[in-house]
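Colleague: Look at TrEMBL and you will find 70-104 tagged as coiled coil. Marked as domain 'COS' by TrEMBL: 105-162. Taken from TrEMBL, the feature domain 'Fibronectin type-III' applies to 164-268. Annotation comment: TrEMBL describes 292-345 as region 'Disordered'. Taken from TrEMBL, the feature domain 'B30.2/SPRY' applies to 298-483. The feature compositional bias 'Basic and acidic residues' is assigned by TrEMBL to 298-309. Among the features that TrEMBL reports, compositional bias 'Polar residues' is placed at 322-333.
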Amino acid sequence: MDSQKEALQRIISTLANKNDEIQNFIDTLNQTLKGVQENSSNILSELDEEFDSLYSILDEVKESMINSIKQEQARKSQELQSQLSQCNNALENSEELLEFATRSLDIKEPEEFSKAARQIKDRVTMASAFRLSLKPKVSDIMTHLMVDFSQERQILQTLKFLPVPKAPEIDPVECLVADNSVTVAWRMPEEDNKIDHFILEYRKTNFDGLPRVKDERCWEIIDNIKGTEYTLSGLKFDSKYMNFRVRACNRAVAGEYSDPVTLETKALNFSLDNSSSHLNLRVEDTCVEWDPTGGKGQESKIKGKENKGSAHVTSLKKHTRSGTPSPKRTSIGSRPPAVRGSRDRFTGESYTVLGDTAIESGQHYWEVKAQKDCKSYSVGVAYKTLGKFDQLGKTNTSWCIHVNNWLQNTFAAKHNNKVKALDVTVPERIGVFCDFDGGQLSFYDANSKHLLYSFKTKFTQPVLPGFMVWCGGLSLNTGMQVPSAVRTLQKSENGMTGSASSLNNITQ
């Protein structure tokens with residue numbers, strides 16, 4: 001009995017579920033039927049509008065042609081009426097003259113006859129009948145205004161519904177990736193004069209090859225492109241690749257997507273390493289700002305220059321930002337001899353922060369902008385072994401250019417505690433170019449791409465982007481390709497010796 005009830009309950013549950021499924025399908029069918037009716041009504045309305053538009057155009061053309069025929073008729077009629085009037089007048093005058101000449105034959109007096117003959121001769125000479133053209137000025141032919149709409153009728157007979165546009169074809173050879181811009185070019189497999197515009201879609205990815213169905217990023221859409229080429233500019237290349245696809249649209253429907261194309265958009269992306277920055281620096285991703293209160297609890301007594309003695313180390317190890325001992329820090333005397341790469345934070349007067357990504361090969365570029373009131377800052381690169389008291393440019397493990405706006409204004413290149421004054425204006429933004437394999441570090445005016453200075457050396461270790469700031473702040477722009485102008489300048493600079501010779505005096 002119980003088992004039968006359970007079986008019946010299962011049947012009831014199955015039937016109920018099936019009924020719900022059928023009811024949902026019925027609702028879907030009803031909704032689809034309603035959609036068919038609504039869409040059909042809309043399409044019929046649009047069809048009426050299109051045909052009314054054709055009728056209107058035909059009526060306008062017909063009216064224009066009728067006016068042309070009437071104007072030609074009026075012109076010819078006016079010409080013929082004018083000529084006819086002239087002929088009638090000439091005939092009337094000629095008949096009158098003929099009658100006068102006939103009467104003159106009956107004159108008996110010689111003197112009167114001679115006078116009449118002279119009058120007749122003069123009148124004949126001046127008579128319009130003898131100066132009148134007896135050829136019609138216009139003909140009655142109107143065939144030049146006849147029409148033949150046989151071709152147009154054939155075209156009208158071929159009217160049909162708009163076809164779905166074919167998928168465009170992206171041409172990778174014509175696509176260009178340069179200067180943080182991507183130009184995508186495509187073509188239609190066959191001519192289609194019904195195309196109204198194109199839709200380009202793109203997304204960033206770190207996967208090579210064909211786009212994945214479930215990628216980590218969504219497609220971005222650019223609509224209403226009228227041509228077969230489009231340039232995306234001002235991009236941040238924070239992924240290794242970008243996927244692109246495009247489809248054509250006519251007034252009715254969008255066609256299929258093109259086969260997707262993947263283009264490489266690799267560039268150096270890094271953030272500032274807050275974990276090792278000086279406590280007087282407030283660091284947020286790609287921004288760093290001087291904060292005089294940031295290290296008050298820890299470094300209020302540290303005023304000396306870099307690499308000071310154990311008294312400073314003792315005071316340092318007893319404090320943290322909150323004033324409580326740090327469990328992670330131990331006495332310098334109790335641990336093995338210090339290795340510069342094992343520092344915790346920059347300290348002392350080394351108001352420094354490094355990037356979080358090491359450069360081990362290749363050519364890279366990034367830009368730095370200082371706040372207008374920034375009193376002192378440095379921009380460059382350093383080995384990971386840069387000591388926590390070391391300032392950029394004062395050791396043989398770092399290279400930089402330094403801007404000082406405090407007391408006196410100076411602009412200089414620094415390396416291994418040697419200084420090279422730069423007799424150029426400090427730009428609004430500084431571009432940094434690092435060619436690790438070529439052993440070159442160059443600084444540019446980021447706007448004009450004018451070369452400020454170049455270091456030539458041989459990097460023996462990976463380098464990190466480095467920044468020093470005091471009384472002010474810096475902001476970074478990463479994810480940038482090496483600009484084409486910089487590549488060109490690098491080629492020309494490598495063929496010159498002026499910068500390198502002065503550089504060799506301060507590089508070790």
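Cβ coordinates are placed from backbone N, Cα and C, and glycine is handled just like the others.
Keep in mind that TrEMBL annotations are predicted by a computer and have not been checked by a curator.
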Colleague: Using Cβ atoms and a strict cutoff of less than 8 Å, what residues sit near the coiled coil (70-104) while being 6 or more residues removed from its termini?
Modeller: 113, 116-117, 119-120, 123-124, 127-129, 132, 136-140, 142, 145
Colleague: By DSSP, what is the split of the domain 'Fibronectin type-III' (164-268) into helix, strand and coil residues?
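Modeller: Taking the domain 'Fibronectin type-III' (164-268) as a whole: 3 helix, 46 strand, 56 coil.
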Colleague: Which residue counts does DSSP give the domain 'COS' (105-162) for helix, strand and coil?
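Modeller: So the counts come to 31 helix, 0 strand, 27 coil.
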Colleague: Mean pLDDT for the coiled coil (70-104), rounded to an integer?
Modeller: 90
